[in-house]
Structures are given as structure tokens and as C-alpha cells.
Amino acid sequence: MTDLVTSAQMRAIERTAFESGVVTGLDLMERAGEGVVAAIQMRWPDAQRVTVLCGPGNNGGDGFVVARLLREAGCAVRVLAAAVPDRMPPDAAENARRWLEAGVILPLTRKTLNDPDWGRSDLYVDAIFGTGLSRPPKGDIASVLLRLGGASGDGEYYSNRLVAIDAPSGLCLDSGRILLAGESVPHAALTVTFHCLKAGHVLSRGPEVCGEVVVHDIGLEPWLRNRKGMNSQEFAWFMAGRTPPLGLVSPLPFERMNADARVGSFMIEALNKFGRLSEETHKYTYGHALVLTGGMGRTGAARLAARAALRVGAGLVTLGAPGGAMLECAAQITALMLRRVEGGGDLAALLGDPRITALCLGPGMGVERAAEMLAVVREGGVKPHPTVVVDADGLTALGPVAAPLPPGWVLTPHGGEFARLFPDLAAKLTAPADTGPAYSKVDATREAAARAGCVVLFKGPDTVIAAPDGRAAVHAATGARAVPWLATAGAGDVLAGLIAGLCARGLGGFEAACAAAWLHVEAARAFGPGLIAEDLPEALPGVLRALG
Ligand SMILES: NC(=O)C1=CN([C@@H]2O[C@H](COP(=O)(O)OP(=O)(O)OC[C@H]3O[C@@H](n4cnc5c(N)ncnc54)[C@H](O)[C@@H]3O)[C@@H](O)[C@H]2O)[C@@H](O)CC1
Ligand SMILES: Nc1ncnc2c1ncn2[C@@H]1O[C@H](COP(=O)(O)OP(=O)(O)O)[C@@H](O)[C@H]1O
Ligand SMILES: [K+]
């Protein structure tokens, strides 16, 4: 996993760096501006005319650095600013003054943006708001932002040449939600952020409005590691006291695993488990997953989940089917085992076998059957408890969660299921965002996990995984990893099976859910468009082989 910080955590890192005397705010702002200019020059080497839009805070300060450096590089640069230097924070004010030594500042209004005497620019740099956005922009600034977003029908024109510093203004960097009324919000071609990604870059609308995201190193990492002996997440955690770490499930978790990263250690564990397939082991070493099916004609979802559990390396996978569906299952499966699970008593008896280490409950089961089986694992006092992955009909049977569920459960809701399980949290997530930082999918998933006392994986292109102790991770299937073809019937059943399979092998629920989210998307990427859910388990061996 790689680090993902909130705006407050980023501020805490910067503040501590300043206070320790290792760097000044002006140094950091200069480095930030240099990073933006380098990224611009690499992508638009021929840009001649540039408009820089500066807000009232330090994001605006970065804009003044960019304006000065581009002017020094020979560009014709025009600066529109929301505040006079005296009303800006000290570092931003200093950079505004440096700009004024050989330039002018025009008011940041739609009229000056569209001034026919200047005409069009090759590039527009959005330095209006970054991590400090605290409320929806109003007045002139809102009007400019809506124009950049295409309120006059020219959204594509701007989005092809808009470079955002830290974020397109209006994007809440904690939630990925838009704090700007109206549909026309700025969409950048390129966003340059500093030190590490912020949660808002990968959540909700962040990926859509940021375009390509470049993380520019402003020199804080060596200081954090050498002086503090921590990575950003650990440091932010340490500073904030109670805020547990947030990780981004890395696109290359095994290659980029980081021995010091507490949140990354599960990937090492997972690798070891895959690597330890040796002659001395036998099938029970890798656990036994039980997947419950629905009745006749409704066993496909569970069979998909079971195949995924087997492919991801569970030693044994058994389908538990009612008598009427046994023949259907038997005709379709080979490597899977089959047991009759007619009612709750059959399940209780099966779970008496301590070698069953994971149970997948929900896909295709029907709500009534799922409710009966849930009652067995919920109240039956089954010992030792297998990890229970509850999906689909299992989640519907669960209904609103008001009190903690037994430990060791993993809930895997999509948006609709999440709203049924946690209606108040879903309402907060969909209510208009009128202050920053806005309530985020990470906040909602963390609250859900704390309330349910178990791991919650909240699906979507931005999948969020949270544990009851507050650990959370985002898995982003966006940007270069976008797999819109994964939104296909049955894909969720495969994900539930992957989690059950990894849990059967001994991974903890949080680690299994993170790893499964990654493997699921890698399998979809490996297969490509045209994918149907059946293809996912079959694409897994290639993905696992590539991990070494
Ligand atoms: N010295 C530093 O702390 C560094 C800061 N950096 C830049 O500084 C940015 C953060 O700076 P700030 O904390 O000053 O925050 P911003 O520059 O993002 O904006 C905050 C300012 O805008 C005002 N504001 C917020 N929402 C508003 C709204 N809707 N309408 C009108 N005004 C609004 C706030 O009151 C505040 O004055 C980062 O995004 C990054 O670009 C980088 O230069 C790295 C170094
Ligand atoms: N646009 C998307 N990009 C990437 N993954 C997606 C996208 N839409 C859905 N998914 C993933 O596809 C799966 C769909 O699961 P679910 O909604 O339960 O569907 P089903 O019940 O049909 O299997 C989830 O893992 C979800 O995260
Ligand atoms: K910005």
C-alpha cells in the first residue's frame, strides 16, 4: 500500500517540517511551483501564452511561483488573482510581490478571464484552492470556476488545457466530492500534487475531475524517514493521535511493498503464503472454504464465488446446497466438493468441523435461506468461528445494522446494499456537501465498520475497505487502472469468493478484502473488455504467476 493523507494530515506534516527548521514555507512553495512547471514543460513544450488563476491562500502562492518561473522561461503570462498580496498568507504574499516586480495582477473575474484583448491561452493554471477549500465557492470565483467547467459550452476547450495545482478548485481533497453548486465543474487535463496523494484524488469524483495526476516530491520524505523514522501515514497518525492510517491499495502491492509500512505488511504476509506452497504442505494447510448456494436454478452465483475461492488458493472449497439443487451443482462442478445443506441444522453440523476456516454466505441464496443460515452463524455459538463473508442476499437478510455483529465477519455491500445496512451513513454521504472537508466514503465505511464490529468493503470504482479498529484503505480502479467492464453481473460474487478464499488461507478479513479487491481488478485488466464474470477466476492464475 502507498500513503494517502487527508488535508489536515498534510498540513500537520508541513507544519512540523517548518517547526523543526528543516525547511521554510517559501522553500516548499518554490519546490511545489518548480514541480508544476516541470510537468507543464514535459507535456506542453510549445505553450507560449499562459493564464494563471490565483486564489487567496497558499495554493494561490504556488500559482505566483508558477507564473514567475514560466515568465522566466519565456512564456507570456497573465495572472488573475482573488486577493491583494497584503491579504494573503505570508509565503503566498511574498511570491505575489516577487511576481509584481515585473508583472501585474488582474482581478479574478469571468470578465478578465474572457478579455478579448488577451484572447485565448495555450494553458490555464488553476491555483485557486487546494487543501484549504472549506466551503462552496461563491461570487466571482464560482463564476470563473463554472466557466472553466464549461458553463458556456466550452468545457472541452478548457479541460484540454487546464492544469490544476493540488486539485481542480471545488474538489474537496478529503472526500473527492465537489463543493461547487452546478454541473459545470472544472475538469483538469493534469493535476500536480505534492508529497503524496490526498484521499480526494482517488475517491468519488476526484479521478474524473483531476485528469492525469502527478505527485511531485517536495523533499519531505527523506526528512520524515530519517528524522522521524516514519512514513507519511505513520507520521500523520502519530501527529493526529487518534486518526488511524489510511492506505491506497497499491497497483503493484508486491513489487512496491514497503517493509516499514505497517499498513503494507499484509502484502508481505500474502506473498509469503503464496510462496510457501511446498511439498510438505497438504490441502488443509491452505484452509477450507464453505460456500452456500441457493435453490435449484439459483446456484450460479455461489458456484462463481466458490471457483474464485479455489483459484485464489483455498486448499478445499465445498458448496453447501439444498437437496433440490444438488444435481444441478454436481453437473457443473469438478474440483469443488458438494455437501447437502438443507437447513440451519445441516450448516451447524458442518461448521462443527474446525477445518472450515471461511464461509461465504449470500450470493444467489435467496433472502429467506440467507436469513436462516445467518441466524446459525450469528447465534449458534459455532467454535472456532470461521470468517464469514456476507454478500448480496446475506446483506439484505441482515437489514439495518444497529449493533456489533460477531467478530470475524466481512460485509461486502455495493451502494444500494450499504444504504440498506447503514441508512443514516448513506444519507450523510449523499447530502449536499456545504462545508469542507466533506463527509467521505472513507468516513462512512469507517463508521460502518465500527458500528458493525467487522470489516466492511464498500464496492465501486473507488472501493473502500475499513476495519473496526479504524484501519482503512482505498482501492482505486480509476485512471490507468479503470476497468468499467468489471461492472458485469456476477463480478461481485467473484469478489466475495476471493475474500472467502484468502480468509480460508488464513489472511485477516481486512487484509483479505484489500488483496481481493486488487486481484479482482487485476484479473479484469488481464482479460480486458468483453469480460464476463466467469472469466475472472480463469484470469487469476496469470495474475498470480506475474506476482512471482
Ligand atoms: N507552505 C505551505 O504550507 C505549502 C502549501 N502548499 C500549497 O498550499 C495549499 C494549501 O494552502 P492553504 O491552506 O492556504 O489553502 P488554499 O490555498 O487551498 O485556500 C485557502 C484559502 O481560501 C479560503 N477559502 C476556502 N474556501 C473558500 C471559498 N469557498 N471561498 C472563498 N475563500 C475560500 C480560505 O479561507 C483560505 O484563505 C496546498 O493546496 C498547496 O497548493 C504548497 O505550496 C506546499 C507548501
Ligand atoms: N466502474 C467500475 N470500475 C471498476 N469496478 C467496478 C465498477 N463498477 C462496479 N465495479 C466492481 O464490480 C463489482 C460488482 O459487484 P456487485 O455490484 O455486487 O454486482 P453483482 O451482484 O452483479 O456481482 C464490485 O466489485 C465493484 O467494485
Ligand atoms: K487548485
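Glycine residues also receive a Cβ, built from the backbone N, Cα and C atoms like all the rest.
Quick look at what TrEMBL lists:
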- 58-62, 130-136, Asp166, Ala301, Gly364, His414, Asp493: (6S)-NADPHX binding site (BINDING)
- Asn59, Asp126, Ser169: K(+) binding site (BINDING)
- Lys459, Gly460, Pro461, Asp462, Thr463, Gly492: AMP binding site (BINDING)
- 10-226: domain 'YjeF N-terminal' (DOMAIN)
- 266-547: domain 'YjeF C-terminal' (DOMAIN)
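Sitting within 8 Å of the Cβ centre of Lys459, Gly460, Pro461, Asp462, Thr463, Gly492, and not among those site residues for AMP, are the Cβ atoms of His414, Phe458, Val464, His475, Ala477, Ala517. The record gives Asn59, Asp126, Ser169 for K(+). Within 8 Å of the mean position of their Cβ atoms, the other Cβ atoms in that chain belong to Leu53, Gly55, Gly60, Gly63, Ala127, Ile128, Phe129, Gly130, Ala164, Ile165, Asp166, Ala167, Pro168. Least crowded of the binding-site residues (His414, Lys459), judged by neighbouring Cβ atoms within 10 Å of its own Cβ: His414. Within 10 Å of Thr463 (AMP binding site), counting CA to CA, the binding-site residues Asn59, Asp126, Ser134, His414 contribute His414. When the binding-site residues Asn58, Gly61, Thr131, Pro461, Asp462, Thr463 are checked against ligand 2, Pro461, Thr463 have a Cβ within less than 6 Å of one of its atoms. Counting only same-chain residues six or more apart in sequence, the Cβ atoms lying under 8 angstroms from the Cβ of Gly61 ((6S)-NADPHX binding site) belong to Met29, Cys54, Met88, Pro89, Asp91, Ala92, Ala93, Glu94, Asn95, Ala96. Taking Ser134, Pro461, Gly492 as the candidate binding-site residues, the subset whose CB lies under 6 angstroms from any atom of ligand 1 consists of Ser134.
Of the recorded residues, His414 ((6S)-NADPHX binding site) and Asp126 (K(+) binding site) place their C-alpha atoms 34 Å from one another.
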